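Some notes on the structure that comes next.
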Amino acid sequence: MIERTKSAFWLQTAHTTYAFRVMDSGQLEHLYYGRRLLAPRGGILGEDENGTEEALAGKHRFGPGNSIQYREELPGFSLEEPCLEMSALGKGDIREPFLEIVHGDGSTTSDFVCRDFYMDRGKPPFKTLPGSFGTAQEIEHLCVTLTDRSYGLELELHYYVYEERDVIARSARLINRSDREIGLRRMMSLQIDFDGTNFDFTTFGGAWAREMNRRTVTVSGGKCVNASFTGTSSSRANPFVMLSAPGTTEEAGDCYGFHLIYSGNHYEAVEAGSYGTTRFCAGINPQSFCFLLKPGEDFEAPEAVMTYTHEGFGGVSRQMHAFIRHHIVRGEWSRKPRPVLLNSWEAAYFDIDEEKLLRLAKAGKDVGIELFVVDDGWFGTRTDDTRSLGDWQENREKLPGGLAGLCEKVKALGLQFGIWGEPEMISVNSRLYEAHPDYAMVIPGKPHSEGRNQRILDLTRREVQDFVIEEMSRVFSSADISYVKWDMNRIFSDYYSAALEPERQGEVAHRYVLGLYRCLKELTERFPHILFEGCAGGGNRFDLGMLCYFPQIWASDNTDAVCRVDMQTNYSYGYPMSTVSAHVSACPNHQTLRMTPLETRFHVAAFGVLGYECNLCEMDEEELAVIRKQIALYKRWRDVLQTGTFYRICEGNQIQWICVSEDRRRAVGFFMQKLTRANASQARFRAKGLIPEQRYHFYNPTTEEDPGVGLSLLGGMGAPGRQMPPAERENYHLRGDALMYAGIRLEQAFCGAGYYEGIRFFGDFASRIYFMESEEA
């Protein structure tokens, strides 16, 4: 719901209020974002009868210290002190600006004031960018138009209120209404000023194979920045961030979550001002950015998404999860069960041929795999990573019948068929590069810095976009392809496009992203039945922009379960687990050399979109039998794991999660231990999200793992016989309130000092899953 009193706007969701007003100076003053307030009385253009607006407004009677007086007719009023919705350079606000413009006369001073507004329902698509979506019944829209006093530029601030999701999406559009060209050096998507400091700023970063490490900094002074300059949203700094009050926990505390629907260089900054305020802004990274706008031209900033809760980090996560599932991910696969796949990469790498692939596919079918994916190596002369990117014709020595022939044989086994590709890249050693060296993004006549032995196609150029669209359309049409893994294995260097004038080279990074989005839009619309999975050397482009086209993304090239459990925990702060692709791989792990139980590898991957990436042909029948049971178990609980509500229960050395069905009648719990400790305290599993008065059956499946405990050791502790004892059984019938508020004391774990039948063998990297099913109609 959106209401307006005399000078203020009140954006109301089910549990939050966002309010700002037009000051006498014409600027927009932010009043409040937090728990829902009672709606102001009076309605459209009515008076604020309960006085809330006046009470929340800043009191700006004089300018403090050596601050700048904004205008002569407003003596003592400075823009450095108020909480603002939008700011620019030159008029006294010296904090992080929303806009930076070089005007036709060379000035960088801008002075935007409110001119008009309108309200309606629904949300039209952007011209150049992806965005959230919903029906007119789901979305209320407010557009506030500001005009520059001196130069006539026009700025639209858009607010889209998703009332039932407790989410507000924001975007901005700048129109050059002047008679001269301008240079846009900076344009944020979101600015919000808070009255107060000492916010905790939580970000998620890392590098290849170690994505999504959670970091928290208290911003009591100065500025803290989370930014990417890799050309992608990056594994270095994911664009999802949180601001929280000191002392916020998983379940309690004021917490704000922010997403940027953008897949390129991004920038999020938190600045503690000199007068007790904190500014947060998010948008395109201004580093090396300059976009020229001729008279009459406009620029769309990417959409930003924000949510608030007083229920801590978990509250932000659940609100973001629901929003992404219902208003970002779209198409046939948005709510469709995702198939269990087998990927050929870690099973064979580049060393593939039809015989080997069919043998692997047959082994996959025998254990319950539903989709077989041929990864890198099927095209051109691709025997390693130095060649053939761009040559998307099958290697007929490896695949005599081409993709179509292989696909037909795979489908005859009863499997769906998918392929890997890296359409944005080009190898110097390729036929494409021989024919079109100009397609590569390089600086003419200058040495180029390579990444993974490949170069980036210049998607700022329309003809290169057309090549990608048509060539991929040909490949996707050449066989009955059900799945495509779209990869991008390097970051940017040598930003340059020969198609742009020298003064427009500051547009390259953004224009590349726009070109990519055009390719993705065209291809996903042409092939709506294909399940696309995003990838960028793992999680180097895991963001809401990509999720507007691809319903799932490969979280990391690191498949080690111990690393993945932390990554998936941290992805879950901002992303639903139905978007996180996770595979069971071989041991020793190919990235860490770590040995982990097959059971643990499955449990971790099952809480994402499950796949397998190992050579089933080399496994013995015992291991295959375990995998067969794993996949059958997953299929029985897939609806809960893929569409349920996800809760983090605890983190650290012992990790617990739970995923609860939409009707809250079924749930799957997860418990993993990284390192065991001798004589440790007893473990408890405390559920979340259940119906308190409902009666549930809580139980665990029989573990298939050998705990690795010597029989002589057990005999010395009183274990009978010479057979391995049965695994522990957890089997209880109790109500949801007891499961959630008290929790279940799990069977005692082996600690080196005793034995009883049913003891829980829980060593290094051990895990369990627990099922909860309602026993009431």
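Residue 1 is the first one shown; counting continues down the chain.
Heads up, the Cβ atoms here are built off N, Cα and C, so glycines get one too.
Quick caveat, the model's predicted, so the values are computed rather than measured.
Just one of Cys224, Cys535, Cys548, Cys587 is listed by TrEMBL for the same substrate site as Trp208, Asp375, Asp376, Arg452, Lys485, Trp486, Asp487, Met488, Asn489, Asp557, and that one is Cys535. Restricting the average to the domain 'Glycosyl hydrolase family 36 N-terminal' (26-293) gives a pLDDT of 94. When the Cα atoms are compared, Lys485 (substrate binding site) and Asp557 (active site, proton donor) turn out to be 13 Å apart. Among the residues the record lists as binding substrate, namely Trp208, Asp375, Asp376, Arg452, Lys485, Trp486, Asp487, Met488, Asn489, Cys535, Asp557, the two farthest apart have Cα atoms separated by 19 Å. DSSP states for the domain 'Glycosyl hydrolase family 36 C-terminal' (655-771), grouped as helix (H, G, I), strand (E, B) and coil, give 13 helix, 35 strand, 69 coil. Reduced to three states, the DSSP call for Asp557 (active site, proton donor) is coil. Cα of Asn489 (substrate binding site) to Cα of Asp557 (active site, proton donor): a distance of 10 Å.
Counted within 10 Å of its Cβ, the other Cβ atoms near Asp557 (active site, proton donor) come to 21, all protein chains included. All protein chains included, Asn489 (substrate binding site) registers 21 other Cβ atoms within 10 Å of its own Cβ.
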